[in-house]
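First up is the structure itself, then whatever we jot down about it.
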Amino acid sequence: MRNGHSSAVDQTGVPVYRGTQAARGSSLDDNNSTAPDASRQSLDESREHHNHGHDKVVYSNDNEDSSRFTKFKSRRSLPWYQSRELQIVGAITLLSFIVRLWAIDYPTSVVFDEVHFGGFASKYIKSQFFMDVHPPLAKMLIALTGWLFGLNPSFDFKEIGLDYIEPKVPYVPMRMMCGIMGVAVVPMAFYTVRNSGHSIHAATLAALLVLFVTQSRLILLDSPLILFTAFTVLAWVNFHNQRNNAFSDDWFIWLFLTGVGLGLSGSVKWVGLFIIATIGTSTINQLWNLWGDLKVSPRAWLKHFIARAVCLIVVPVAVYMLMFEIHFLILHNGGEGDGFMSAPFQMTLGHSLQDSPLSVAFGASVSIRHQGTKGGYLHSHASVYETGSRQQQITLYPHKDTNNEWIIQKGDGTVPENLEYIQHGDTIRLMHTSTNKRLHSHDHKPPMTEDENHFEVSGYGYAGFAGDANDEWRVEIVEGKDDESGSYLHTLNTQFKLVHINMNCDLFSHKVKLPKWAFEQQEVTCMRSAVLAKTTWVIESNSHANYPKDARMVNYKKPGFFGKFLELNKVMWDTNAGLLDSHPYDSRPSSWPLLKRGISFWGKEQKHIYLVGNPVTWFMSTAAIVVYVAIRGLLFLRDKRGYNDDFNGLREYYELSGGFFFMAWVYHYFPFFLMDRQLFLHHYLPALYFAILLLSVTFDLACRFIPNRARLVALILIASIAIYSFRLRAPLTYGSEWTRSECEASKVLTTWDYDCNQYPDNYAQYAANAAAKVIPVESTTSSEEVANVDSFERDNDPQEQRAVSEGGGVVDAATAVVDAAAAAVAEEADSVPEAEDAQITDPAESTMAHGGEIEPTFDFEVPVEDNDDGKDKV
């Protein structure tokens with residue numbers, strides 16, 4: 001990009017730079033009423049003759065207006081800080097700071113998924129390993145901010161409504177970090193449209209519409225994701241603006257930054273992979289067109305290919321892996337995420353496993369690990385089932401614990417005096433070392449699984465009781481690491497099943513959690529006709545007083561970085577795919593473009609935070625998508641009938657410019673239809689960004705042949721409607737005071753389910769309630785809805801009872817900034833002929849309510865812990 005202006009598109013489908021702004025005004029009539037005199041090709045050719053070794057652009061068009069060119073040069077000779085365009089961007093950015101950071105200190109308690117991402121920050125500071133379905137970059141940035149501002153890691157963000165003030169949590173800087181990232185997206189939207197070759201009016205519209213979608217005020221991942229996505233697109237547009245300077249410094253810089261942006265986007269959320277698909281498709285198209293250009297030699301084409309492969313594949317992968325390397329270096333201690341990982345992985349987290357003898361004999365004390373799930377070890381404790389036989393519980397437990405130890409006895413309950421090694425087909429009993437109960441199964445139904453092929457597994461026995469036939473299990477070796485391990489039971493090297501002799505069922509476990517009375521540990525049953533993977537076990541530790549000193553020993557091999565990296569990403573993938581539970585505020589992708597429902601974030605003291613979006617921006621951007629598809633479809637049908645609707649180059653330009661943003665929207669929207677997991681409105685935000693960019697292109701096309709002043713009026717009208725719509729629903733963004741009637745009047749669709757009954761009839765009630773320190777108005781929403789105000793009455797922090805500025809205050813305070821931006825746009829338009837600017841110039845998310853309380857998005861079940869005394873705790 002030179003002089004901050006662009007004026008054409010690359011033939012590959014992405015807008016590109018075509019010289020200075022002076023060139024943009026020469027081919028249209030002064031009154032903007034006719035199409036360009038020359039074809040698109042001749043227009044491009046007349047503008048791209050450069051003096052070698054000079055920055056000056058030489059124009060071959062004989063009709064070039066020299067007075068305009070002189071005037072343009074005079075304006076551009078001003079210092080950079082006097083640039084009208086920069087002043088417009090500065091005014092809009094200032095407005096963004098006001099809107100995005102207004103009253104960001106409220107609420108003064110944990111909101112929505114701050115439970116997760118704030119909690120992860122505490123774990124980073126404590127270096128305790130955890131498992132999350134998202135890559136680590138954004139979480140590490142949040143943790144870094146918290147650490148810099150003195151976050152005490154003992155504060156665990158464990159529940160919504162937990163007070164920030166008394167423990168002195170630096171939640172404001174942590175929120176501001178996300179808020180400033182949201183602010184940065186606004187000027188990026190402006191320059192993406194502007195550098196794509198569109199008018200300053202279109203760029204301003206894009207920036208303003210992005211500004212008033214305010215999902216960046218909380219400690220969440222959406223702001224970093226959209227920021228890095230927007231940065232990637234801007235870098236890609238700027239790279240294409242250098243396509244006539246292939247392999248120049250600027251060309252390489254923007255290509256490299258595009259790759260960095262791809263890596264950063266993917267390192268926040270896997271949704272960032274969609275921007276990789278977008279850029280990848282554009283790259284393939286570009287290389288294909290270069291291959292068809294006979295002016296490009298095979299050697300030159302190969303250089304283009306290698307440069308793109310390195311910058312757009314190697315660089316993003318390196319950035320992504322670097323984020324995980326930093327993640328592993330920080331989280332070097334064990335934590336609640338250990339249970340999701342394999343035992344070798346856990347050994348890199350400060351855990352140690354003593355070398356164990358290879359062969360397993362009767363009388364050995366062993367720990368038995370389940371292979372089919374990440375549930376952990378065969379486990380028991382001195383608590384009984386509250387259903388079925390009411391005998392002692394048998395579970396899977398993910399942490400190392402003395403309650404995981406079992407003594408292997410012969411089928412008759414005895415232990416031979418001499419060492420006798422266990423082999424395939426032997427009958428055994430397992431005695432729990434802590435409670436002296438034997439592993440037992442019988443014809444009772446398990447507590448959770450009602451399938452007829454499942455039977456309860458319990459711990460049974462008492463002093464003086466020798467046991468019975470229901471304690472007997474047969475060892476069946478499934479796979480051995482070598483021939484000997486395939487015949488004899490070996491530590492770590494043998495995978496085996498335990499088959500119940502009487503019931504003819506296999507010891508089985510699956511990802512089903514027991515109730516709280518069983519500490520929500522993983523259910524163990526005995527199942528007939530079970531899937532082999534869920535019935536496979538391995539001996540992890542093995543000790544016996546009579547083992548010879550020279551016995552062969554075995555242990556896990558600690559994985560290196562690549563092993564840990566691959567395992568963690570696989571666990572993240574599997575966990576993410578398993579988020580199938582329904583939720584009152586989830587939604588399907590078909591509802592997102594129409595904004596049918598939002599997400600409740602927080603509610604307390606007759607105030608509410610609810611993500612619903614700006615309906616004006618939402619509906620207009622969706623309309624732009626429909627219009628684009630309709631026009632492209634109509635032109636396609638006319639082309640098949642032999643019509644040549646070129647519109648003197650305008651069709652190519654707007655198809656390619658808008659087509660790039662449309663493709664990005666498609667890639668960021670339609671893949672969600674393939675997902676069965678929980679989905680929510682905020683998953684649409686990256687696609688919405690591209691829909692807004694496409695809307696600005698549509699606006700530019702619609703205003704193509706009207707004077708600048710009329711276009712400015714259209715810009716102000718649309719922006720004013722969007723701002724009014726935002727102000728109307730601002731209390732849902734800022735959690736500020738509102739009345740019931742105003743709340744009801746704000747609902748455009750009946751499917752918007754934020755609870756207006758929680759608001760008082762008038763504003764005077766807020767002052768009265770604050771004075772009385774009571775909240776008399778109860779929500780009529782059912783306990784299954786997040787909006788229930790009673791869910792937070794457990795905390796009466798007076799700092800949270802204060803009434804923050806009403807939503808309209810932020811917009812009123814920003815009115816002067818909007819007026820200044822509009823004046824700057826008008827002055828920019830007046831400073832050049834009217835035709836000039838019109839000239840052609842790219843496991844975590846739900847809010848399940850239980851008992852009337854808002855809950856954050858729980859992507860997976862966190863394993864519970866055992867006390868040293870054998871009693872389990874959550």
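Backbone N, Cα and C atoms are what each Cβ position is placed from, and that goes for glycine too.
According to TrEMBL, the protein has these features:
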- 1-10: compositional bias 'Polar residues' (COMPBIAS)
- 1-62: region 'Disordered' (REGION)
- 28-41: compositional bias 'Polar residues' (COMPBIAS)
- 133-151: transmembrane segment (TRANSMEM)
- 172-190: transmembrane segment (TRANSMEM)
- 220-239: transmembrane segment (TRANSMEM)
- 251-284: transmembrane segment (TRANSMEM)
- 305-323: transmembrane segment (TRANSMEM)
- 357-411: domain 'MIR' (DOMAIN)
- 419-478: domain 'MIR' (DOMAIN)
- 486-542: domain 'MIR' (DOMAIN)
- 616-635: transmembrane segment (TRANSMEM)
- 656-675: transmembrane segment (TRANSMEM)
- 681-703: transmembrane segment (TRANSMEM)
- 710-726: transmembrane segment (TRANSMEM)
- 827-839: compositional bias 'Acidic residues' (COMPBIAS)
- 827-856: region 'Disordered' (REGION)
Three-state composition of the domain 'MIR' (486-542), taking helix and strand from DSSP:
9 helix, 29 strand, 19 coil
Which sequence positions outside the transmembrane segment (172-190), separated from its termini by at least 6 residues, show Cβ-Cβ distances below 8 Å to it?
88-89, 92-93, 96-97, 100-101, 104-105, 118, 121, 141-142, 145-146, 148-149, 151, 203-204, 206-207, 210-211, 214-220, 223-224, 226-227, 230-231, 234, 689, 692-693
Please determine whether the transmembrane segment (656-675) and the transmembrane segment (710-726) are in contact (criterion: at least three Cβ-Cβ distances under 8 Å, sequence separation 6 or more).
no
Taking every residue in the domain 'MIR' (419-478), what is their average pLDDT?
95
Let me spell it out: take the transmembrane segment (220-239), skip the flanking residues so only those 6+ beyond its ends count, and list any with a Cβ under 8 Å from a Cβ in it.
1, 14-15, 112-114, 117, 134, 137-139, 141, 178-179, 181-182, 184-185, 188-189, 191-192, 195-196, 251, 254-255, 257-258, 260-262, 264-265, 268-269, 271-272, 275, 278-279, 282, 664, 682, 685-686, 689-690, 842
Looking at the stretches 133-151, 251-284, 305-323, 681-703, which one shares the most CB pairs under 8 Å with the transmembrane segment (710-726)?
681-703
Taking contact to mean three or more C-beta pairs under 8 angstroms, with sequence separation of 6 or more, is the transmembrane segment (133-151) in contact with the transmembrane segment (305-323)?
yes
